[in-house]
Amino acid sequence: MQIFVACPRGFCAGVERAIETVEIAIRRYPEKKIFVYHEIVHNSRVIQDFKARGVDFIEDITKVEPKSVLIFSAHGVSEEIEKYVKSLDLVLVDATCPLVSKIHREVQRFEKEGFIILVIGNRNHAEIIGTVGRTKTQAYIVQDPEDIDNLPSITGKLAYVTQSTLALEYTSTMINKIKEKFPNVVGRSDVCYATQNRQEAVKALAKEVDLMLIVGSTNSSNSRNLMQVSSKICQKAFLIDNYNEVEPDWFEGVDRVGISSGASAPEILVQDLVSFLKKRFPSAEVSDFKFKEEKVQFKLPII
């Protein structure tokens with residue numbers, strides 16, 4: 001058996017920055033309670049590890065305690081949440097991914113210039129909620145083609161932005177449909193470099209293997225999209241949180257296995273999976289499937 005591990009995979013620069021932010025806060029404020037608004041990243045292993053060290057993840061901002069440390073997750077927050085928190089007696093640290101913050105500025109620029117804004121993405125995702133919450137006027141969330149069909153007639157200036165972790169094919173389809181209905185719309189895809197690189201690497205790898213295993217949590221948008229990309233090409237494709245979820249019958253008739261991981265999945269989970277497969281198949285050969293090198297790094301926020 002041959003095992004190919006996609007490169008790039010796993011943590012992106014925004015996730016690394018967010019996780020390191022929490023790590024530094026734990027060390028810098030040992031006497032303070034640390035809260036994170038939303039999961040810092042969408043991965044169960046990361047969240048469980050931080051919870052074991054006393055970090056409290058909250059969805060209700062009013063649950064934050066005075067004199068504590070509050071960290072915004074990588075997904076960003078609305079302007080209303082930010083203003084509310086700044087009125088409280090606590091230490092605020094913003095771990096919003098810089099590429100998400102860029103989308104926030106884009107939305108605010110469009111609004112200032114008098115555009116009505118379409119936001120393409122999952123209406124229940126923290127990033128989309130935060131992005132829409134950066135506008136003071138009407139913004140429409142479009143999650144599927146039917147949402148575009150149901151949009152009212154818009155005669156003024158119209159612009160769109162997108163969630164940063166969407167599937168490339170889906171994003172292209174949605175943008176093209178918007179342009180068909182509103183030929184004068186302006187905007188561009190905001191799908192980030194890491195999402196694009198991981199999807200393109202998985203697309204190339206899936207063509208070469210009999211089985212694709214994507215490591216990531218089910219609430220991770222980018223992990224689910226890697227799974228969808230894989231399943232359109234490779235007949236056997238599965239999304240797993242860790243190696244314990246692997247089923248023996250998946251390997252029937254399989255000679256070549258491809259592995260990748262979502263941008264919020266720790267590398268240790270991939271290595272655990274590889275070790276598990278090598279124990280199960282002692283003669284298996286493991287190699288990297290090199291698609292593209294990433295060198296992006298972001299500065300840490302002020303902590």
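Here the Cβ of each residue, glycine as well, is placed from N, Cα and C on the backbone.
According to DSSP, Glu127 (active site, proton donor) sits within a helical segment. Per Swiss-Prot, active site, proton donor is recorded for Glu127.
The [4Fe-4S] cluster binding site annotation in Swiss-Prot covers Cys12, Cys97, Cys192. If you draw a 10 Å sphere around the CB of Cys192 ([4Fe-4S] cluster binding site), it holds 26 other CB atoms from the protein chains shown. According to DSSP, Cys192 ([4Fe-4S] cluster binding site) is assigned to coil rather than to any helix or strand.
His42 (dimethylallyl diphosphate binding site) has a Cβ environment of 28 other Cβ atoms inside 10 Å. According to Swiss-Prot, the dimethylallyl diphosphate binding site annotation covers His42, His75, His125, Ser220, Ser221, Asn222, Ser264.
Listed in sequence order, Thr165, Ala194, Thr195, Arg198, Gly216, Gly262, Ala263, Ser264 are the same-chain residues six or more apart from Asn222 (dimethylallyl diphosphate binding site) with CB atoms under 8 A from its CB. The isopentenyl diphosphate binding site annotation in Swiss-Prot covers His42, His75, His125, Ser220, Ser221, Asn222, Ser264 and rests on sequence analysis.
Ser264 (dimethylallyl diphosphate binding site) falls within neither a helix nor a strand when secondary structure is assigned with DSSP, and so counts as coil. Around Ser264 (dimethylallyl diphosphate binding site), a 10 Å sphere centred on its CB holds 30 further CB atoms from the protein chains shown. According to Swiss-Prot, the feature (2E)-4-hydroxy-3-methylbut-2-enyl diphosphate binding site maps to His42, His75, His125, Ser164, Ser220, Ser221, Asn222, Ser264, an assignment based on sequence analysis.
Using the Cβ center of Cys12, Cys97, Cys192 for [4Fe-4S] cluster, the list of other same-chain residues with Cβ within 8 Å runs, in sequence order, Ala13, Gly14, Val15, Ala74, Leu99, Val100, Ser164, Thr165, Tyr193, Ala194, Thr195, Ala263. With a cut-off of 8 Å between CB atoms and residues at least 6 apart in sequence, the same chain places Gly14, Val15, Arg17, Ala18, Ala74, His75, Gly76, Ser164, Cys192, Phe298 near Cys97 ([4Fe-4S] cluster binding site), listed in sequence order.
For the recorded site, Asn222 (dimethylallyl diphosphate binding site), the DSSP three-state label reads helix. Same-chain residues at least 6 positions away in sequence with a Cβ under 8 Å from that of Glu127 (active site, proton donor) are, in sequence order, His75, Gly76, Val100, Gly121, Gln163, Ser164, Thr165.
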